[in-house]
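Participant: Mind having a look at this structure? Questions to follow.
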């Protein structure tokens, strides 16, 4: 059974809550176990929590769940670009999948509501990567 850790952003919690629930349902459907969840203030705050989960022997992969909505400045782009870069770096550093389930940047609130399946897609990617990496080890 694949053991997942979830890192969930509290910012835009109404949306990340729906993303989290869909992700949990999909994990159960795939036969994966969500072993641990860590709530962080926002997507930019995820890397340290991800690193903490990746250090645990009982976590096979981490799923990120966040939602970054466009504002009047380029803040949303900076947040997502930096979070995505660090997330990829951590995956390579620890040799474990970290799936990007962050919706944004450059989207309106209505577009964000249409993208709540990003968490589900991230679970799918994480489980597939764990299984495929085990096949070649």
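Every residue gets a Cβ built from N, Cα and C, even glycine.
Residues or ranges marked as 5-amino-6-(D-ribitylamino)uracil binding site by Swiss-Prot: 11, 43, 44, 45, 67, 68, 69, 100. Marked as (2S)-2-hydroxy-3-oxobutyl phosphate binding site by Swiss-Prot on the basis of sequence analysis: 72, 73, 115. As annotated by Swiss-Prot, active site, proton donor applies to 75, with the evidence given as sequence analysis.
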Participant: Let me know how many other Cβ atoms fall within 10 Å of the Cβ of residue 43 (5-amino-6-(D-ribitylamino)uracil binding site).
Facilitator: 31
Participant: If you pair up every Cα among 11, 43, 44, 45, 67, 68, 69, 100, the residues annotated as binding 5-amino-6-(D-ribitylamino)uracil, what's the maximum separation in angstrom, rounded to an integer?
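Facilitator: In whole numbers, the farthest two Cα atoms are 16 Å apart.
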Participant: When the Cα of residue 100 (5-amino-6-(D-ribitylamino)uracil binding site) is compared with the Cα of each of the recorded positions 72, 75, 115, which one is closest?
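Facilitator: Smallest Cα separation from residue 100 (5-amino-6-(D-ribitylamino)uracil binding site) among 72, 75, 115: 115.
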Participant: Here the binding-site residues are 67, 68, 69, 100; which one has the lowest number of other Cβ atoms no more than 10 Å from its Cβ?
Facilitator: 69
Participant: How many neighbouring Cβ atoms, not counting its own, are there within 10 Å of the Cβ of the residue listed as 'active site, proton donor'?
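Facilitator: 13, counting other Cβ atoms within 10 Å of the residue listed as 'active site, proton donor'.
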Participant: Quick one: among the binding-site residues 45, 72, which has the most Cβ atoms sitting within 10 Å of its own Cβ?
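Facilitator: Going through 45, 72 one by one, the largest Cβ count within 10 Å is at 45.
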Participant: Where the distance is taken from Cα to Cα, which of the recorded positions 72, 73, 75, 115 turns out closest to residue 45 (5-amino-6-(D-ribitylamino)uracil binding site)?
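Facilitator: Smallest Cα separation from residue 45 (5-amino-6-(D-ribitylamino)uracil binding site) among 72, 73, 75, 115: 75.
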Participant: How long is the line from the C-alpha of residue 11 (5-amino-6-(D-ribitylamino)uracil binding site) to the C-alpha of residue 75 (active site, proton donor), rounded to the nearest angstrom?
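Facilitator: Rounded to the nearest whole number, the Cα-Cα distance is 14 Å.
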